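Per TrEMBL, the features are as follows:
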REPEAT    71-112  repeat 'WD'
REPEAT    112-153  repeat 'WD'
REPEAT    203-237  repeat 'WD'
REPEAT    265-306  repeat 'WD'
């Protein structure tokens, strides 16, 4: 179980895959609703599956098809779920407008934060003291768990839904993608307990909705997924070459500091909803409405494995191939 790879979506199933062979070795039925997001606990013990109003926790190491715990408290689709670095608590967000912090051992709610409109995504800052969420009204909010309040509100574009946020593993960068196809980047500076944000750049990543943004573990690449059926890989180094060839619909003139395009991953036939990097940042798994998940080798831009089995759209993927600690 050194590599945990799972996908889910609109066919009400969660599938576990052998990453290299492409064989599905376990299927869990999620009959109540579609699955919107997946997250593997840092110790690889549990899988959190976010559906309609609930998050269910499954034991990865057992064959038990039933959840070991259910987190009920949202009143709309749960759109985001992520674990604390030691798995002690979990953060969720929902179309009901709320971000909630849960204790994983007993399912109790520790904190609630109100966006007042549907929340699309949530991440935990590596300092484990801040939660960053984005919403349909175009806001990115940083919630301080210690102060128990919102410390920053960013509005990249008024009334343009921010679909996804990602924070660097070293806490230096925050990126957000929105329904205009734009990506916004801020540098995060930590001075004692105070986080300050400096705008770095913004750029057009896709000519359609951005559905997911994800910084690689080594913080050298940014992956973006989109309704244009593509995923793209951008260099976090603004001085890297800009590979516009074959992507003439992207502007050749770039904003100062804009991330150069490294590669465009084009083989899905419908929306690409989600992605996950390997621990060494050399591979990416994508999930699409075309029912397939694909494993890409980023150095060659080649699809090295396709995961077939979902009979409706695959909208979420989770991968943990970190070595055991």
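Just so it is clear, glycine is given a Cβ too, placed from its N, Cα and C backbone atoms.
From a predicted model like this one, the values you see are computed outputs, not experimental measurements.
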Inset, instruction - Would you mind splitting the repeat 'WD' (112-153) into helix, strand and coil residue counts from DSSP? - result: 0 helix, 25 strand, 17 coil
Inset, instruction - Could you put numbers on the helix, strand and coil content of the repeat 'WD' (203-237), residue by residue per DSSP? - result: 0 helix, 19 strand, 16 coil
Legend entry - Confidence summary (mean pLDDT) of the repeat 'WD' (265-306): 95
Legend entry - Tally of residues which DSSP labels helix, strand or coil - the repeat 'WD' (265-306): 0 helix, 23 strand, 19 coil
